[in-house]
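Q: The following block contains the structure, expressed as structure tokens.
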């Protein structure tokens with residue numbers, strides 16, 4: 001009997017047929033297992049992902065019309081599905097139009113979010129036991145605690161997974177903040193918010209009576225020298241509660257716990273509630289999440305509060321994009337002015353568009369009108385152009401830190417200021433304000449400078465130049481305070497020309513010195529002209545040296561960056577030698593001394609005799 005032919009020998013094709021059947025039974029390439037099968041009844045669809053958690057955002061606002069456009073705009077940009085987000089908003093005791101702003105926004109967005117609960121109260125406009133709108137009386141504390149408790153109850157009643165509390169002046173600029181906090185899987189967790197000073201929305205220590213306690217752990221966390229999520233005794237202002245956690249059922253804002261004996265303060269009452277429920281609070285500083293203002297004193301005004309929040313927006317722009325307002329709110333039109341000066345100049349290199357845009361926005365926020373002056377780009381000047389202007393370096397000049405001659409960048413900087421002095425004289429401008437473009441403003445800048453100039457005029461002070469921002473180089477003894485004028489001292493040897501006020505008389509004196517024929521950096525030239533430069537050889541080339549120079553104290557302007565900071569760029573120090581474009585001067589920026597932060601002054605050298613204004617104390621950091 002003949003044997004059947006073997007398939008492997010090619011006699012017949014049973015193997016390919018079997019392979020084909022097997023391939024048909026397999027799911028499509030890249031498809032999930034079981035998504036396809038030989039028999040229709042064996043096919044099934046993959047499971048869909050989980051829906052985003054349900055979140056209720058609770059916002060309490062009082063006298064916050066100035067902050068709400070930016071705060072609400074930031075909330076709109078949170079990357080969490082709006083259909084899974086509910087809004088709970090309350091406002092009362094307002095002396096401004098907070099209710100109208102919130103109503104306009106809620107009407108516009110109510111169809112975008114899962115639900116909206118709106119709790120306005122138009123009357124009364126103040127608490128009976130408060131001394132002013134910034135004073136926290138017992139009745140105000142109690143009312144806020146009741147509102148937070150009501151928001152918490154609403155979240156529980158709607159079976160929300162989380163509740164996010166946000167103060168009306170807190171800017172959550174990181175759109176992933178909510179997602180990142182949820183991922184931490186903590187019962188109570190806060191994003192660390194930045195401010196202009198050491199203040200933030202957490203404590204690292206608490207006394208036995210429930211008050212704030214300084215600890216060595218605070219500053220490393222606040223400065224992000226240590227990064228992570230840290231167990232702390234207190235978080236406030238902006239924080240997330242995970243309502244899925246069993247322990248969250250024992251948390252309450254009001255009434256205070258039966259064992260509570262500490263100060264009647266809403267944040268301390270809630271911290272005690274967490275402690276009694278054995279719920280640990282956490283603060284996370286892994287990323288930059290947002291910003292908040294430093295609290296003002298109880299006697300501060302609504303104007304102080306509005307300007308304080310505006311300063312938060314200015315601080316944001318130093319290293320981040322500006323905080324844009326909600327597109328659903330009508331923002332009041334700004335009316336810039338020149339602060340009483342004949343002209344406000346802002347110097348900017350054309351190729352530094354980022355600085356120009358930031359400074360123009362910062363001035364607009366403060367309602368300061370300026371004239372943009374295109375800076376002289378020293379790096380773009382060739383030797384023949386320098387010679388055509390009759391420029392010669394001061395004989396014997398060497399940079400005090402590197403021993404190098406003048407750079408093209410320093411030459412361009414000098415010419416930029418020189419051209420402004422010429423314009424001041426040509427136009428007969430009695431007093432002008434000059435800004436460079438790499439500066440940051442102190443809080444209440446506009447009001448404090450205007451008050452200072454009013455004092456100067458009232459006293460009839462004979463002045464030529466007033467530093468608004470500088471680096472004080474003479475640190476052995478204090479500078480002389482000006483009698484009867486607040487916040488002003490006679491300037492000693494100083495660096496930097498970040499911002500200054502110049503008079504017509506002062507500009508004439510600077511031009512009369514014919515500085516182009518014996519040039520040195522502009523911030524070395526000015527101390528020579530008011531006879532405070534420590535190098536007598538430099539001073540010998542200029543006479544008279546009778547510039548009447550003063551300085552604001554405390555300063556109202558500081559640099560945006562110092563040597564070694566991320567983003568530090570120098571257009572003056574990193575350049576080429578003034579008369580030879582082939583000799584580079586790109587020094588090690590990390591070792592540059594000129595742009596280092598002002599060194600700490602000894603107690604004996606501080607300008608402690610200067611007359612202070614009320615705004616100075618309001619501007620101090622609470623910590």
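Backbone N, Cα and C define each Cβ position, glycine as well.
This is the feature table in Swiss-Prot:
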- 1-30: signal peptide (SIGNAL)
- 97: N-linked glycosylation site (CARBOHYD)
- 185: N-linked glycosylation site (CARBOHYD)
- 382: N-linked glycosylation site (CARBOHYD)
- 589-607: compositional bias 'Basic and acidic residues' (COMPBIAS)
- 589-623: region 'Disordered' (REGION)
- 620-623: motif 'Prevents secretion from ER' (MOTIF)
Q: To which of the glycosylation sites 97, 382 does the lowest count of other Cβ atoms within 10 Å belong?
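A: Across 97, 382, these glycosylation sites, the one with fewest Cβ atoms within 10 Å is 382.
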Q: Around residue 185 (N-linked glycosylation site), how many other C-beta atoms are within 10 angstroms of its C-beta?
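A: Looking across every protein chain shown, the total is 11.
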Q: Given residue 97 (N-linked glycosylation site) and residue 185 (N-linked glycosylation site), what distance in Å do their CA atoms have, once rounded to a whole number?
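A: Computed Cα spacing between residue 97 (N-linked glycosylation site) and residue 185 (N-linked glycosylation site) is 38 Å.
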Q: In Å, rounded, how far does the Cα of residue 382 (N-linked glycosylation site) sit from the Cα of residue 185 (N-linked glycosylation site)?
A: 62
Q: Any idea what the model's mean pLDDT is for the motif 'Prevents secretion from ER' (620-623)?
A: 53
Q: Please report the DSSP secondary structure of residue 97 (N-linked glycosylation site), reduced to three states.
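A: It is coil.
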